[in-house]
Amino acid sequence: MESNADQLITPSAPPSKKLARRLRQLPQKIDLANLRVGQKLGLIALAFAVPVAVPLSFLVVQQQKSINVLSEEQHGMDALQKLSPLAPLVLQHGNVSVRLASGDKSAKAAGAALSSQVAALLVELRAASQRHPELALDGPLSDFEELWALSSSGETAGDIDDSIESYTSLISTNLAELYNLIGQNSGLILDADLASNRMQDLLINALPSLQTELGELRMLVSASQGKNKLDEYQERLKGNMSLLNTYNARTELTSGYVLEASPQLRETLGSASDFLSGKVTSYLSAVESAMQTGEFSKETVSYLDGLALEALSASDDMTKVTTTALTDSLNARATQLNVSRVTTLLGIGAVIALALTLLGLIARSITQPLSRLANAAQALGRGELDIHVEARGKDEIGVVASSFNEAAAQLRQAELKNAEERENALQLQKNINEFLDVTMSVAEGDLSRRGRVTDDVLGNVVDAINLALDEVASVLIDVHEVAQQVNASADEVASTSNVLTRSAQDQTSRTERMQVQTQEFTRVFRSMAEQVEETAQAAERTLEASQAGQTAVQDTRRGLEELRGEMQDISASMTALAARSGEISEIAETITNFASQTTLLALGASLEAAGAGESGKRFMVVAEGVRQLAEDSANAAYRVESIVKLLQGDISSLASRVQSGAQGVNAGYQVAQRAGELLREIETLAGQSARIATGITDVTRQQVNEAEQVHEAVSFITTTASQAEGESLRTLRSAERLNELARQLSAQLARFRLSS
């Protein structure tokens, strides 16, 4: 069975859930009355312990969760320590591949050594992946190993660009995926500690990106060696230098954030960051200076390669420093959490032990006196009245013990009194029997008998009852006299009720006839009101129709006005068109005259050409062409003039029709205007008729209302008369009933026998 401490720190099964499950397993109803005081005290202690235990359990569970999170982050750091040196080695191998592709055979030995180092790191990384399967590195690591085998085999060594692309893709894609998986699956990227979060950003993002750009720039510099090579790679060099400068600034900024959160790292991480920034800046400056010469010589490339190696070495050193700092931070936090958890558990254990000890002492101080009281109470229940409990202390139990002793003493005194009271009770019973005989005679109607007054409690009661009997006898005598008077009054009321009933019946018949007449009068007025209301509605419909007609006339007037404006515009357009056709006729006539003159000139030229002999033949051909063109122009001008004349005739006809239409529109506009005036007069008359009809309707309705009020008043009088008739009948019946009751009362009083 697991201990309580193990249950508290197990994150998979929170204590609150276990407690709820156990509480559900308890009986649905617990009979607290059957529990002993010690058990009840234990339940009270449990009730107080549960609210304390739940937060403490939650605290321990949260501590365990934090420890588990730090453990996962430590697993991620274990994998990062194997992964971080891999990028510089792969980039150096890529530079060797570029040098081999450029014809530098001396780099082959360096490539073999780098391959061995990479293979050893991959073995260690594979072992770390197997130790920490939650990181899920197996698949991406296999892909990286496959691509690394392809890149390092030399299959891409023949082409420099392919080598650069292969190695940079291997770093920026496959290796970056491994970094991201470690950061995500280990929880490093979610670390709530500011310094740790910034350091993981350095290790997973900033430094790998800087190393990638640094390695790619180094490969590009090696590829640019030789004549005319710089021009080929100059743009890529500039772009890569810009990216490297950006990542260098980002690394400096992230390092600054780390130092703000953890100033104690200034000597280690701060120095490494400054050193790396200086090396990268020096390398960029050297590459930029070399690019200004226009060509990378072998000596220049060798010098730049040395600077690049120094920068890569500085980045590797900073990676190690950051890794060490982050590992130390995680270890310190894990140690602190473990110490805090152990301290919490020890504190909880000590508090529980102290609470149990105090609970035992308190329970003992309560249960022992209560046991003595319970035994004494049982003895008292058996009739042992000489019992006595030793009272100790001034607490509630001591008070109860003292009260118990006093109660026992009072019980002893009460027992003595009970013996005396039993004797008195026997005498009282005898007196009661005597008095019961007297009460039986009184119940039979003999009010002349009285009870014997004794010295006990019953004597006062008997004396009071004797006085009550005297009063009852006196009241009965008075009631008998009143009954006789009521009988006489009932006869008088019955006679008066007969007269009122006959009068009410006569009034009811008259009001019923009046109600029928007023109802007929109201019906006539209501019919008249309905006819007047129909007349008012007809007048209102006439008014609405005249208003609608006026609206239609106004719309017609607006339409005619718009049509008149359009007809005027059309007439103006026709006038302008007639003027333009006249201008076209003039132009056609001018063209005809020009064609005639051109024809004459062409004939003259033909004659001159014929006179010139053989040399004028070509000119004669030209003159003939000009003459023919002039004739065609004259014919075309004639056709244009004919068409224009026809168009002028159509325009004149259309203009006359437009003027006729405009006159018709004007006539329609005058008619519509006159119709609008007539409709306005109709609207005025219809409005007056509607108002008069409305007034008549209001007056008629008022008369109907007044008639209905008269009818209601008559109905009310009829109802009142009917009610008066009913009340008179009920009064008559009540008088008769009262007379009967008075006779019955006299008969009942006759059976009582009163004293003289």
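Glycine residues also receive a Cβ, built from the backbone N, Cα and C atoms like all the rest.
Curation plays no part in TrEMBL annotations; they are all automatic predictions.
TrEMBL annotations:
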- 404-431: coiled coil (COILED)
- 544-554: compositional bias 'Polar residues' (COMPBIAS)
- 364-416: domain 'HAMP' (DOMAIN)
- 426-477: domain 'HAMP' (DOMAIN)
- 482-718: domain 'Methyl-accepting transducer' (DOMAIN)
- 535-554: region 'Disordered' (REGION)
- 41-61: transmembrane segment (TRANSMEM)
- 342-363: transmembrane segment (TRANSMEM)
Per DSSP, how many helix, strand and coil residues does the domain 'HAMP' (364-416) have?
39 helix, 0 strand, 14 coil
Non-local residues, at least 6 beyond the ends, that sit with Cβ under 8 Å of the coiled coil (404-431):
373, 376-377, 380, 385-389, 391, 452, 454, 456-459
Three-state composition of the domain 'HAMP' (426-477), taking helix and strand from DSSP:
39 helix, 1 strand, 12 coil
